[in-house]
Structures are given as structure tokens and as C-alpha cells.
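Undergrad: Annotations per TrEMBL:
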DOMAIN    41-496  domain 'Major facilitator superfamily (MFS) profile'
TRANSMEM  30-50  transmembrane segment
TRANSMEM  107-126  transmembrane segment
TRANSMEM  138-160  transmembrane segment
TRANSMEM  166-194  transmembrane segment
TRANSMEM  206-225  transmembrane segment
TRANSMEM  231-251  transmembrane segment
TRANSMEM  303-324  transmembrane segment
TRANSMEM  344-365  transmembrane segment
TRANSMEM  372-389  transmembrane segment
TRANSMEM  401-426  transmembrane segment
TRANSMEM  438-460  transmembrane segment
TRANSMEM  472-492  transmembrane segment
């Protein structure tokens, strides 16, 4: 069977040029652990750059629409702006950019967000389908270069003096389409190289690329904002294109693409104890195994509940992603307003909390062997934290920082867990009976559904915030509550399994019960 599969492998998986060069220089093949390290580093950089370019629009918002109607609505009941204070605020926020600095500017920015995220969500389903059927290294490279191109074109509008709303709308939609290639691809590649042992912790640490990308995008965009908002888009766009070239040169998609093998690492689908492992997650032998269809992937136990949960979890997370710098710059903290650059830098602390939350959620879910309990608990904890941040974040900078960090932990923790370890678990579910060519498709379904929520949250915020930011936070708390409720059936199954396990004092289950329901 190996001899028959080998030619197919060569046809569908090619060894990256950079890997060939490294092996020639070393005059021997690289070790399996070295390949794993390369995969983690390259995919980390790849998706961090995706998020860096995604974050830039939230930073330039305050430059495009500085004098938003909600500036006055954010005053505390006992606060009144003096004429001098209002003049200082107007000078700090500057004049904006047509057409976003008009009375409908906030709504227009919300429309940019929803257009980007809607196309991103729809493209996600398509990308997952394609990703299970072609070389992911090529697919990722095209996606990253395309993302860089259209991110830069948004910034070109600054020098070209473009004031046509539909130019920015179309550019954002195209950027969203190319962005959709990222997540299904990187999760599938990592899933090819790493098995289920400690998957939650490993992917929790690896998933720090999301927050690190947000932090990097915020810092880069904030630094260049003073030179003109166009630079805040062009520089990150150039960075992701360069990293896309590195992906083409160095990313080994699959162990077979570089002739690697490791009998000790649980890289493959679950089998009976003692059974020989011979089939990778995304096997090339199409005569025996075909890619799982879209409807069939939806029917995998656990996919629908986690996908719907992620819908509301990403609604909360992406509202912060796109609107937090804007909210901070228009909110008086200890009676003072921050500049656009200061607000962008401060907002990165939310992502610092997100890194901790992703690692913590992965570690806890591994220790408990309970993905649903962990995700639901984090979502429920996010509710009081969101209330506290809205109610007391303005009191002082110290309180704002502490509450922002804690909010990042509980908002991004379940989001990171579901999009990584849970997606990888479901993509290799036992119901597939060894056919594991579903990893990118399942990942795309879960994250694509979540991305629809990610589109709706920022859109609603663009309209609701013009009236009241308190109403925005009420919406976010409600979404977090619903996200937790959607996992109730899986949580009950996990709790029941734990009780039964303790009662019988049997051996630990090899799989999380939430994925077997």
C-alpha cells in the first residue's frame, strides 16, 4: 500500500524549496521534531500576520472618524465638558477623512466591518472545501499575498485622495475573501503534524498567534498613524506578503511531503490500542478515501453546538477587536481622553489577556478532558467581567488595565479553545471511521459560522454605540450567556461521564465525551 500511495503523495504534496535547501546544506534529512518546530513557527507567523492586517482597521477608525456623535454620550452623569476641554478633544481627534467624518461615519465604519467579515465567513466555507483538496502551502501563499495586496490598497486611498465609500467597501470585501484562506489551512497543517495528546495545551500556546498578531497590528498601525493613516495599512500589508513568501519556501504541509515519520508521536487518527498507524490526517490516497462533504461534516457529533457557540463567542471577541481602540479614545479615563495612538497601544492589553486565556483554557480542558465544560465556564465568567469593565473601566487607568486584561482572558479563552483543539478533535472524530480528510472542512464550518457572528457584532455596534455604549455591553453580555447555553447538552454529557467514571473507577476516557454525544 505504501508503494501505491507514494506516487500520489508526490503529485499532491511537494517538498518546500527552503526545506530542500536546508537538507542539502546539512547533507541529511531533518528530524521529525525539527519539522514540527518549523511547522509551529511558520504557521504561527502566518496567522499572526493575518490578524495583524485585520487589526489595523480598528486603529485607523479614530483617524477616519474622530468626532463621532458618541463623544458626548460617553460623559459620565456628573461630568460636563468645558469649552476648553471640548476644544482640546477636537484638536486631539483632528478632522478625519471623508466620507467617514460625516454624521453617518460611524455607521459606514460598521458597514466596512460587516462587509469584510461577511465575505470572510462565506469564503471560510469555500476555503475549507478547497483546503482539503489541494496543496495548503500554495493555498496559504496565495491567500497571504492577496491579503497583503488589498490591505495595502486600502491605505493607498490616503495618497490617492480617494473619498469614495465604495472603493473602501470593495477593497475590504476582497481582503476578507483572501483572509478566509488562513485559518482552515493553518489548523489543518498543524493537525497533520501533532496528535491529540496535550492538543489543548499545545494549540492553546500556539493560538497565541491571534493575540500576538492583534498586538503587533495595533502597535505597528499606531506607530505609523502619526505619519498618515495610509501607512498604518500599507506596512502591515507588506509584512503579510513577505511572510507569505516564507510560507511558500519553508512550510511542510504533511509528514509525507518531506518523507518524515515518527512512530512515537500520535499524529494520526484514533485507532484501537496496539493497531499500527499507517494513515496521516490528510492522506493522499484518494482511491481509498475521499474528502468529507459539507453536509456530512455538519453531522459529525459536536460540530453544530460548538459552531453555534462560536457564533456568539466571536460576536463578543470581534466587537472588541474592531471597536476597543475607538471606544477607549472616546471614553474619558480618570477624566482624561487618550490620543489615537495611546488608545491603540492600551487596547493591546486585551490581547495580552487573550494569550493567557487561550493557554489557560487549553490546559484546563486537557486536565479535565472536558472541552465543553471549559468553554461554557469561560463564557459565563465573561458576563460579570464585561459589566465591570463598562461600569468601572473609566475610574482610573490602573482599574481599566486590570479589567481589560481579565476581560481578554475570559472572552478570548473559549474562542481560542473552540477554533483550535475542539476543531482539530472534531476533524478527526471517531464517527469518520478513519476518514480524516475533514480537518480543514470542519475547521471552516466552525470558524465560518463563528465569523458570521463576528460580522454581526461590529455592525450592530456601529449603530448602537451612536446611542449608548452601555447598550453595546448589554448586547455582549447577552451573547456570552447564549454562547454558554448552547453547550448545555454537551456539558451535561461531560459531567455525567465524569460522575460515571468516578463511580466505576475505570480507566480515563481516551476522548472528551462532549465530542461523542
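Just so you know, glycine gets a Cβ as well, placed from its N, Cα and C.
Unlike curated records, TrEMBL annotations are generated automatically.
What's the neighbourhood like for each of these?
TA: The average pLDDT for the domain 'Major facilitator superfamily (MFS) profile' (41-496) in the predicted structure is 81.
Only residues 6 or more beyond the boundaries of the transmembrane segment (30-50), in the same chain, are considered here, and those with a CB under 8 A from a CB of the stretch are 19, 22-23, 140, 144, 147, 179, 182-183, 186, 189-190, 193-194, 206, 208-210, 212-213, 216, 236, 239-240, 243-244, 246-247, 250-252, 255, 258, 260-262, 265.
Long-range contacts of the transmembrane segment (107-126) within its own chain (CB-CB distance under 8 A, at least 6 residues past either end) are made by residues 57, 61, 64-65, 99-100, 165, 168-169, 172-181, 183-184, 294, 318, 322, 444-445, 447-449, 451-452, 454-456, 458-463, 466.
A Cβ distance under 8 Å defines the sequence-distant neighbours of the transmembrane segment (138-160), meaning residues of its chain 6+ beyond its ends; these are 46, 49-50, 53, 56-57, 97, 127, 130-131, 167-168, 171-172, 174-175, 177-182, 185-186, 228-234, 236-245, 247-248, 251.
Cβ atoms under 8 Å from those of the transmembrane segment (206-225) belong to residues 40, 43-56, 58-60, 63, 190, 231-233, 235-236, 239, 321, 325, 340-341, 344-345, 347-348, 351-352, 354-355, 358-359, 362, 408, 412, 416, 419-420 of the same chain, restricted to positions at least 6 beyond its ends.
Sequence-distant neighbours of the transmembrane segment (303-324) (same chain, 6+ residues past either end, Cβ-Cβ under 8 Å): 54-55, 57-58, 61, 113, 117, 214, 297, 347, 350, 372, 375-376, 379, 382, 386, 407-408, 411-412, 414-415, 418-419, 422-423, 426, 442, 445-447, 449-458, 461, 465, 472, 476, 479-480, 482-484, 486-487, 489-490.
Remote same-chain residues near the transmembrane segment (344-365) are listed as 58-59, 62, 200-205, 207-208, 210-212, 214-215, 218-219, 221-222, 225, 320, 324-325, 328, 338, 371, 373-375, 378, 400-401, 404-417, 420-421, 512 (criterion: CB distance under 8 Å, separation of at least six residues from the stretch ends).
Residues 305-306, 309, 312-313, 316, 357, 361, 364-365, 400, 403-404, 406-407, 410-411, 413-414, 417-418, 422, 473, 476-477, 480-481, 483-484, 487-488, 490-491, 493-495, 512, 514 of the same chain lie 6 or more positions beyond the ends of the transmembrane segment (372-389) yet place their CB under 8 Å from a CB of it.
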Undergrad: Same chain only, please: residues at least 6 beyond the ends of the transmembrane segment (438-460) with a C-beta under 8 Å from a C-beta of the stretch. Say none if there are none.
TA: 110-111, 113-114, 116-118, 120-122, 124-129, 131-132, 136, 180, 183-185, 187-188, 191-192, 281-282, 291-294, 296-298, 300, 303, 306-308, 310-319, 321-323, 415, 418-419, 422-424, 426-429, 432, 472, 475-476, 479
Undergrad: What parts of the chain pack near the transmembrane segment (166-194), using Cβ distances under 8 Å and only residues at least 6 beyond its ends?
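TA: Residues 35-36, 39-40, 43, 46-47, 50, 53-54, 57, 111-112, 115-124, 126-128, 131-132, 136, 139-140, 142-144, 146-147, 149-151, 153-154, 157, 202-203, 206, 251, 253-255, 265, 267, 280-282, 419-420, 423-424, 427-428, 439-441, 443-444, 447-448, 451 contact the transmembrane segment (166-194) from elsewhere in the chain.
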